[in-house]
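Input: a single structure, listed below in structure tokens.
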Amino acid sequence: MMVAHPLPLLAILLQLLLSCLPALGYSNRFFYQDILNGNGNGEIHFNGVKLHVDSSQPSMFALRGSNATLSCRYWYEPELSSPRRVRVKWSWLPVMGGHETDVLVAIGPRIHSFGDFRDRVYLRQDSPGDASLVMTELQLNDTGRYRCEVIDGLEDKSATVDLELRGVVFPYQPPHGRYNLTYHDAQQVCQEQDSTLATFEQLFQAWEDGLDWCNAGWLADGTVQYPITKPRSPCGGLGLAPGVRSYGRRHRHLHRYDVFCFSSSLRGKVYYLQHPQKLNLTEAQQACFSNGAQIAKVGQLYVAWRFMGLNRCDAGWLADGSLRYPVTNPSRNCGPLEPGVRSFGFPPPYQKHGVYCYSAGMQ
């Protein structure tokens, strides 16, 4: 005996139910068509009405500490005579990869933000269909791809916005020497220097701005690369054109390299402490503290050099035990005739030098 398959029977029953709705006096033009009456592409949408979601600015740039608005707008085609109650969800895919995480969910006036985004994000809602995300107090790790998803019943449409922070990329090598950092070590040392792992886009921009560095370093996506503006034998050979050299993806636990860190704008001020005498590392830390500040980190010094024009021909201690000084106006008495942050490496901590301090309250 043959047994009828239940799915065709369910489809027929659903078809009969939908056909009866107008006869029952129910017709609000918003009920959904079943898959049998779709457009042949497997789409299910309003009866004659389609939801659209778009962003007018699919990529944008900002600075740490500033605010940013990620555009997102939804509308219906044809236009509806009355507003619909929709669910708006923003999610974030970090530049380092991984899974999308929730940023904000809104249903009507009810809005909930999540994790590190809590109380830093809200919907602009300037006009009907405006689902733009306003982000305040941008942080270094906010870089990534943001997804604006609008859900109305069975309809689900989305658009993406890529957020990139402007700042400065700098190579970093720890005190114990070249090529000693796993990927996770690299993450940690960048964080300790008020920075984060640089992205390829940030490193490429730095190369376009003239960064030339012959040591390979980790990037946020787990690749290992280095920028060369002046080809030479020890750095890939004379036969290769200038560019960003890549070793590709490396094992995050087994392989060891240097790292390229990224930092953005700074609230506060980095300054060379005027002190009557030179200081060892411990004395330098205490001197900054006594001055109402703290010893500056490498990322802070680079930001002060790049964005605040800090120019000083005096080497000073930094928090990691390195000795550096920033030059924006090169002169013959201050090393190479090009701007940059000069480094003397990690001298013994008992040696006497100056110190660079950082105060969050100073401008």
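Every residue gets a Cβ built from N, Cα and C, even glycine.
Because TrEMBL annotations are produced automatically, they should be read as predictions rather than curated entries.
What TrEMBL records for this protein:
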- 1-25: signal peptide (SIGNAL)
- 65-164: domain 'Ig-like' (DOMAIN)
- 168-263: domain 'Link' (DOMAIN)
- Cys214-Cys235: disulfide bond (DISULFID)
- 268-359: domain 'Link' (DOMAIN)
- Cys288-Cys357: disulfide bond (DISULFID)
- Cys313-Cys334: disulfide bond (DISULFID)
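Put simply, Cys334 is the one of the disulfide-bonded residues Cys288, Cys313, Cys334, Cys357 whose Cα lies nearest to the Cα of Cys214 (disulfide bond).
Per Cα geometry, Cys313 is the residue among the disulfide-bonded residues Cys235, Cys313, Cys334 nearest to Cys288 (disulfide bond).
Note on Cys214 (disulfide bond): other Cβ atoms within 10 Å of its Cβ, all shown chains, come to 14. Cys235 (disulfide bond) has Cys334 as its nearest neighbour among the disulfide-bonded residues Cys313, Cys334, Cys357, going by CA to CA distance. Fewest Cβ neighbours within 10 Å among the disulfide-bonded residues Cys235, Cys288, Cys313: that distinction goes to Cys313. Distance noted between the C-alpha atoms of Cys357 (disulfide bond) and Cys313 (disulfide bond) is 15 Å. Each of the disulfide-bonded residues Cys334, Cys357 was assessed for Cβ neighbours inside 10 Å, and the highest tally belongs to Cys357. Looking only at the domain 'Link' (168-263), the predicted model's pLDDT averages out at 94.
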